[in-house]
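**Student:** What TrEMBL records for this protein is below:
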type	residues	note
DOMAIN	B:8-104	domain 'Pseudouridine synthase I TruA alpha/beta'
ACT_SITE	B:52	active site, nucleophile
BINDING	B:110	substrate binding site
DOMAIN	B:144-243	domain 'Pseudouridine synthase I TruA alpha/beta'
């Protein structure tokens, strides 16, 4: 059977997240339904990871086993014609049978958008975290560097996760600013549950002066309560999955 | 009576444009209603210019005459609390009685977003023009320079306008690219009806190879039919009004 890798963009605003829920298809189920409409095959697609309700993607990856002989180059347009406008297939290729979008992943890159202004922005409202308070951007940028490397990120994990090994390696984190928009990008070999949103929330709390400890000490403490708040889902984008 | 200048951002997707229509409030009417809710005064606000249905603003300016003694610093938050989330007042100040948001304007800056990719982008879908065809970005950038200066832009005006003097001065036009997004920004002393959208459409047609004349000749011809198509409203942003 063919194994196909697809790259997906979505605006998560109107979805319960990647995964199907009892009363809702999710991104995954919506794509599976579109595949069925084209091929009449009931396939299960496997994502590189779940994204929560409201989280967006610029490069989510999934794979699927298909009988249909439809040329892979035609799949993005064929699926996009069936999918709602807030989901888009931007790439499709044939991969070896062993390829698994989750287990084969070597790393991921996320983007988090913070809109820093006393007043809301109607253009960015659904795709960024609006922070009204003054943020010390230079301090956030400097402190963020402490995240780079292999650390036990136990404090940066929401409760409810069954993960035991909480050591992860951050390869890179950058913060840039374009007018009122702060763009954080972080790349690592893997992320704990809500880790990127807790990193964003902690950096906001540092920038606002609510956390005065240096970030290296916060990480070292391995304590969720020493970290900052969990920044909202709608500022988060899964940008890229590396294989 | 006080004369107040307000700066407004809006996502135009759900509006019939700046101006009131018989069956719809428009951005203008929506703000006037919010002012009434706060002050019980039925004021008419004057915009720096109309924007069409679907067009967005990052810095539209309007002025209004008000009796109410509400401090001007409180006006943005007071209005934003009454306004729908796709409109935001980001600044308010007292101005001299003579100030008129349209007649006092010395220039305007617009932004136009083009998303250039074979596949649609669910994040940018409502705020950019999706162009599927390959565009020669360097050619577009080079040709755009011909717009700078004072020219008779008669060809770059949609029919239905009663304007007689069609000479306008473009101070600056820049095209930049960030991944698949082309950002055009153009500043001038004034713009004819649909002029920015026709500039964007003409540059797309040049980039796609549908117009092979150089842009200087297209301008010189003063003929609408030598220019390109009118790019859609939802890629256009009124960025700034200069006084």
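Each Cβ is built from the backbone N, Cα and C atoms, and glycine gets one as well.
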**Student:** What are the helix, strand and coil residue counts for the domain 'Pseudouridine synthase I TruA alpha/beta' (B:144-243) according to DSSP?
**Tutor:** 34 helix, 31 strand, 35 coil
**Student:** Do any residues at least six apart in sequence from the residue listed as 'substrate binding site', in the same chain, have a Cβ closer than 8 Å to its Cβ, and if so which, in order?
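**Tutor:** Listed in sequence order, they are B:185, B:186, B:187, B:191, B:196, B:236, B:237, B:238, B:239.
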**Student:** Could you give me the DSSP helix, strand and coil counts for the domain 'Pseudouridine synthase I TruA alpha/beta' (B:8-104)?
**Tutor:** 28 helix, 29 strand, 40 coil
**Student:** Which residues does residue B:52 (active site, nucleophile) neighbour through Cβ under 8 Å, counting only same-chain ones at least six apart?
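**Tutor:** When sequence neighbours closer than 6 are ignored, residue B:52 (active site, nucleophile) has B:12, B:17, B:194, B:233 within Cβ distance under 8 Å.
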**Student:** Please compute the mean pLDDT of the model over the domain 'Pseudouridine synthase I TruA alpha/beta' (B:8-104).
**Tutor:** 96
